[in-house]
């Protein structure tokens, strides 16, 4: 421990105290001197707390200087202009902007430059540059406004929820203070329902239990006591009891604060963005190369013309300069034509359309690009509590009277009616339960009165049961049966005499009540009844009798025989074993928490003879009750049930090639059972615990990850390591979660899903998509829409590249062969083709609705090309066909139509008419090819679902009508002349050939074209679940001199270096989550981990730069300098700890 007394008036630093709870470290607490040692170091008396601050004074300045305030530093929100500037840095946007500026400059020169006054052409050359700039502006504005609005809404939401009052002990008095004023050294008082705002150490309390599921994923409530868990975790909630604790960490040093700070990272590029950027670079290179080649050819042609001309005027400088400029303009036109200006708009439109529709499917998309990223998801790492399950303990099955079983919501709902229908003997002398109706009465009486839970309003304003999870589950069962617990608890015929609260030692609770028969209407006089509930094995031990009912409902087979009528029999050894072997063990194997109910009827006119000491001492009172003749009545199984639709959603994900993994803080048995019910854990899969997982080497992780299906007892760091390693291996990772503990992994994932109802604000802030209905099955809809977005972009890309390749080749060749160096397509015609048509086509193809067929194919690999071999086959074939048709019309048109009576009589201006037909045919080739591009696979039915897309039909008709008006009335602006009916028929028929040609092309095997195209990445090998588990997962004794020992690891080539990578990776992830040291991360002192902490500094630097601490090769969340700085802080701390050890 460092000596900080020269600068620090307290004995400990903020970092040293924060390591007490992250993770919980009892050994370190003992080392610091326990509660008393820490209180002395913080200069506070736990009985009186810190002094009361006077108005205008700040007696806590020293504390705030050392430990900080209980606030998080505000993040500077980006303005709309900043977001637009960031969006403008996209490579396609840069290329489009450059092309627009060049096109605008040249257009202005052509329209208003020297000699333009003698030109009769309309001054419209500047329009294309302006139109491209408008397109760029629309794209960057749409995305930026969406991000700005979402960020503004979330900031406003968080500002309202952050500030609240808490109860503190100051100057020996209980006072209410703001959470922002809580100091390290404060003594805070706890009551049920309190949300903990700081970390600390338990001081004192009674039956204090905290729900840490939001912070750690642990579904069970954690009891706080000196001999149990002493650590109070910020972000958790008090569910039972009262108590007090000493604050040891606030603000950015607390567990909650570290989690929030770890979420403040920069977003990475999505897989589609990476591919589009790469495509933009290639298009820019190819377009520039074509423009340079065209410029060189035309210059050589012009020089040859100058050398052979006899006209001296043609050699004058102004004339030569004008021709050179004209050639340069033609060359630049090729670049403008090559750039797919409609592509960014298509992506934006597809995303905007998908996110709007996804909201109807209960998916609120916070980050626009997350939608398309989800389309390529290969694995989903899902939290258990609150995501796959309902985060609400529920009675799912049980028995009443041993042989009357019930299982599932439907049987529980009709349980009351079923029990009432069980008839028994009519014997007035029988003081015990006579029939099913009386059993039902006693059963509900015990559940309702022998309980501290109640129904009230929760933090989110909803009415629900509040209290321990087991008691709320039992009350929930009575509600499901159609019975209101208050009709018993508030009934005047019941008088609660004494309550014996739950005792952890006896694992049971009892309530003594007095029942007034006359008030109840069952006779005269009164009697006492004791209700007992608790762990099944304990209640069985208390009981000497058992109630048996006739067989009914769900049958739980056993060795004993059911009676014909309700009866009470002695609880024999055989009957007790029957309960144990056939009910309790069966429920336990299904990871159900068993709870039993018993009762005792005492006809004494007075309260049973219990001394005051026995009444006040819970254990003694329960022992006294246990000595009585309890009647064992009912046994129920409680669990956090799987959400409806989850197994079906998991099966759908599996069919779509998406692996679902459960990552939870719960114990491995419960996790495995729930995963099996969800369909996640299958035969041959691997379920392991976080402490074991985090000690694996990289090679071991890579070996088990394909088969890893359940990761239990995982810390937030384990989740980050898992996500980081999966991303490093090229997976596109989606993470779901609802708790604070899920925040770092949600942020690190490619797509983070949080729960809109049960999710914490930390989880929502970290996520990119919020599931508004908290249903895991909504992820399937997000997956479907994500794939639809990717398909829409590919459809448009297939259409766009066909247009651009054809336009570039036609422009290039026609300009070279034209005597005046002019293109077959004018600038204004290209404006219509390249901008207006492309924009409308983007809208038409981006609004295609998804089909279920999209979930029957595997996801695309991050390394797979954006344009598949099937798409290239269609692009190249259609472009070649279009080029041939256009050149045939342009160069062979006069000969083809020479003897054609339909067109011959109107061929007065043959060249202009031919160019009009070329332009018209070119447009109709694209119109019909747009229909052809509705499919990007080899299926022949391109019209499937077209009647459901009103956008597509309307745009198709609009383009046809607009083309007719342009050709007929375009005149000088578009350089067209009206065509005859025959000429129109020829243009439309030639364009329509694209559809049957596309069908023919689809029938050609892809392998014919694959030989000429770049080789696609090999598909991943299917996982073999029949192989035996690796040796390092086999349960073997602890090894000393093995490959995991220090000496052996040095002998293995490179293993020390790899171990250092893992240690450094853990340190980096730990720093993200708040400085978790590698030693503290491990449940025991492991030689392998200690070995990784000893190495050469130069080796570490090289290793870190090479491996980026197990994050994906894509741009990391930190740059190298920041990441190294963060990592070295953890390394230095680890050195100190190793020296201390």
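All positions are counted from 1 along the displayed chain.
Heads up, the Cβ atoms here are built off N, Cα and C, so glycines get one too.
Range with TrEMBL annotation transmembrane segment, chosen from 796-817, 1016-1037, 1038-1059, is 796-817. Listed ranges 912-929, 930-947, 1074-1091, 1092-1109; the one TrEMBL annotates as transmembrane segment is 912-929. Feature annotation (TrEMBL): of 850-869, 950-969, the stretch labelled transmembrane segment is 950-969. With helix defined as DSSP H, G or I and strand as E or B, the domain 'Cation-transporting P-type ATPase N-terminal' (31-108) counts 42 helix, 3 strand, 33 coil.
Remote same-chain residues near the transmembrane segment (879-897) are listed as 801-802, 805-806, 809-810, 813-814, 817, 824, 903-904, 907, 910, 914-915, 917-918, 921-922, 925, 929, 990, 993-994, 997 (criterion: CB distance under 8 Å, separation of at least six residues from the stretch ends). Against the transmembrane segment (912-929), stretch 981-1001 shows more Cβ pairs under 8 Å than any other of 283-304, 324-354, 981-1001.
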